[in-house]
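What TrEMBL says about this one:
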- 104-123: transmembrane segment (TRANSMEM)
- 143-167: transmembrane segment (TRANSMEM)
- 224-242: transmembrane segment (TRANSMEM)
- 262-282: transmembrane segment (TRANSMEM)
- 294-316: transmembrane segment (TRANSMEM)
- 322-342: transmembrane segment (TRANSMEM)
- 361-382: region 'Disordered' (REGION)
Amino acid sequence: MRETEATTEARRAMEVCNACRYCEGFCAVFPAMTMRREFSTGDLSYIANLCHNCKGCYYACQYAPPHPFNINVPQVLAQVRADTYEEYAWPGPLAGLFRRNGTVVSLVSAAGIALVLLLTMALVDHRVLYQPQTGPGAFYRVIPWWLMTALAGGTFLFSILALAMGFRNFWRDTGGRADELTRGRPLAVALHDILTLKNLGGGGGGCNDRDEAFSQARRRFHHAMFYGFLLCFASTSTATVYDHFLGMEAPYAFLSLPVQLGFWGGIGMVVGTAGLIWTKIVSDPAPAARNLLGADYALLVLLLLAASTGLLLLALRDTGAMGVLLAVHLGIILALFLVIPYSKMVHGVYRSAALLRHALERHPTPPPPGTAPSDRALGSAA
Ligand code: SF4
Ligand code: SF4
């Protein structure tokens with residue numbers, strides 16, 4: 001990774017923290033920091049993505065502003081994270097999209113909705129768009145199956161590929177090897193930390209969501225959004241199996257598995273994203289990286305729109321509003337898949353990779369059997 005203003009400032013902060021070590025028990029960042037005496041840009045990339053932005057170390061720090069040392073760890077690590085998103089983006093020429101993220105998300109969303117509406121109007125009798133459609137195959141009478149599959153499937157596969165390439169770039173730059181990715185115990189530890197958001201626990205009582213008071217609100221809203229997203233994904237996957245392997249065409253009954261997964265997933269996403277937006281609005285701006293807030297809000301609003309238009313479509317699917325709502329919902333999903341690799345969503349990939357690297361550091365590969373103790377010491381020093 002290249003040296004930037006943020007990495008230089010983060011290195012200075014880490015050197016002060018390494019001498020102080022007051023926050024050692026707060027999160028994974030400080031134990032990872034104490035394992036190093038010098039910080040390469042790859043180390044700073046790893047440490048920045050290990051930070052969950054709980055802000056606990058800012059309120060605990062005796063060197064935070066107005067102290068002349070001006071230590072603001074959450075803010076500087078957020079800046080480094082933003083640099084890493086751009087650095088590891090794939091394909092490289094699209095990395096610049098991170099710089100105007102709010103604008104990009106708005107434009108892609110508008111273009112996605114317009115594209116699906118225009119294609120729908122061009123391909124089907126426009127009266128179908130405004131007339132109630134019911135029974136098996138009702139959605140495909142509005143948007144042909146092949147168009148829905150091509151738009152959603154194509155953008156989804158592109159998104160997965162771009163995220164996988166970003167992961168590879170991060171892993172290599174932070175010193176990772178391919179064979180480390182298959183070690184069972186560190187993988188299990190990292191998975192536990194990812195699924196429980198352990199590092200949002202701060203010093204034990206939760207995050208400093210709004211100010212120096214501890215709270216679990218951000219962690220709970222993030223859980224609601226994350227598991228809601230997974231349920232929506234499970235809903236789409238189940239519906240695909242129903243359609244392609246069981247010959248059952250959507251729309252399905254309200255109590256069917258795909259609709260129940262989508263309904264509760266949608267509720268979780270609405271509650272989670274609305275809660276996270278509220279948390280950002282009321283929080284103390286001092287430890288935040290203000291120049292990144294626009295991108296954060298843009299993504300949360302896009303996720304909120306994806307979930308709320310899905311729920312609205314479910315509520316009004318037997319009425320004449322279904323056609324337009326389906327086109328708008330599909331347009332937003334299309335935009336979401338396209339911007340995922342160039343939005344804050346990538347933090348999920350890099351933070352997970354950083355947690356795996358941290359688990360590997362805590363559970364190093366045992367030396368080969370028969371290695372003499374002195375050789376082991378030399379091996380670990382090397
Ligand atoms: S954030 Fe402040 S108190 Fe915490 S380890 Fe760093 S310098 Fe020390
Ligand atoms: S903000 Fe929280 S997660 Fe980040 S370094 Fe400070 S204590 Fe750790």
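Each residue, glycine too, has its Cβ placed from N, Cα and C.
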Counting CB pairs under 8 Å, which listed stretch among 104-123, 143-167, 224-242, 294-316 touches the transmembrane segment (322-342) the most? 104-123
With the greatest number of Cβ pairs under 8 Å to the transmembrane segment (294-316), the stretch among 104-123, 143-167, 224-242 is 104-123
